[in-house]
Amino acid sequence: MGKKRSASSSRWLAEHFKDQFVQKAHKQKLRSRAYFKLDEIQQSDRLFRPGMTVVDLGAAPGGWSQYAVTQIGNQGRIIACDILDMNPIVGVDFLQGDFREVSVLNALLARVGDEMVDVVMSDMAPNFSGMPSVDIPRAMYLVELALDMCRQVLAPKGSFVVKVFQGEGFDDYLRDIRSMFTTVKVRKPEASRDRSREVYIVATGYKG
C-alpha cells in the first residue's frame, strides 16, 4: 500500500498542475517551467548571443539548457552538470555528478578545457527540509560554489545568472557579486511562484 500524501504535498501538487507555466511547458513539450524564467531574463538582460560557451549548473531536467541552445545556436556550446540524470539535448555536453565533490568539479573543468566561458548559470537548489535555519545555509553554500566557478572559468565581461533564496547571507552574497561584476540586477520572473523566496541575480560585465 502506498504512502498517503501529506496535506502540504497535496496542496503543492494541486498548485503545480494548475500553474499556467507548467501547463504551457507541457503543451510546448519543454523540459520545465524554468525555460520561461530564463526566457524572461534574456528578454530584459540579453545574456546570450550565437556562438557562446555556457556552463549550466543544476541543469536537470534541462529547461535552462533547452532554452540556451535556442539562443547560442549550432556554433555555441553548453556544458551542463547535475546530481540527477538528464535526457540528452542536442548541443549540450552533460555530466552527471554532485557538483560539491572535487572529483566532479575537476571533471567539469576538464570538459570546459582551456576555453573561457561566456555565461555561467546556476539553478541549483538543495533538497529542502522545510526548516529555513537548515535550508538557507545549504542553498547559500551552493550559490557560493557557483560564484567560485565564475572565478575559475568566466571570461572578462562574461555574465552570471544564479537562483538565490532570500534569507541569511543573501546581502553579503549580493555584495560579493557586485564587487565582481559591472552591472547586477535582482529579478523575480513571472514564472517564479509569488510565495517562493527564490530570486535570480543577473550579473553582467565580469571584471576578471
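Placed from the backbone N, Cα and C atoms, the Cβ positions cover glycine too.
Record features (Swiss-Prot):
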{"type": "BINDING", "residues": "GLY62, TRP64, ASP82, ASP98, ASP123", "note": "S-adenosyl-L-methionine binding site"}
{"type": "ACT_SITE", "residues": "LYS163", "note": "active site, proton acceptor"}
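If you take the Cα of GLY62 (S-adenosyl-L-methionine binding site) and the Cα of LYS163 (active site, proton acceptor), they are about 15 angstrom apart, rounded to a whole number.
In the three-state DSSP assignment, the secondary structure recorded for LYS163 (active site, proton acceptor) is strand.
Cβ neighbour count within 10 Å across all protein chains ranks TRP64 highest among the binding-site residues GLY62, TRP64, ASP82. Each of the binding-site residues ASP98, ASP123 was assessed for Cβ neighbours inside 10 Å, and the highest tally belongs to ASP123.
Around the residue listed as 'active site, proton acceptor', the C-beta neighbours below 8 angstroms that are at least 6 residues distant in the chain are GLY58, SER122, ASP123, MET124, ALA125, VAL143, GLU198, VAL199, TYR200.
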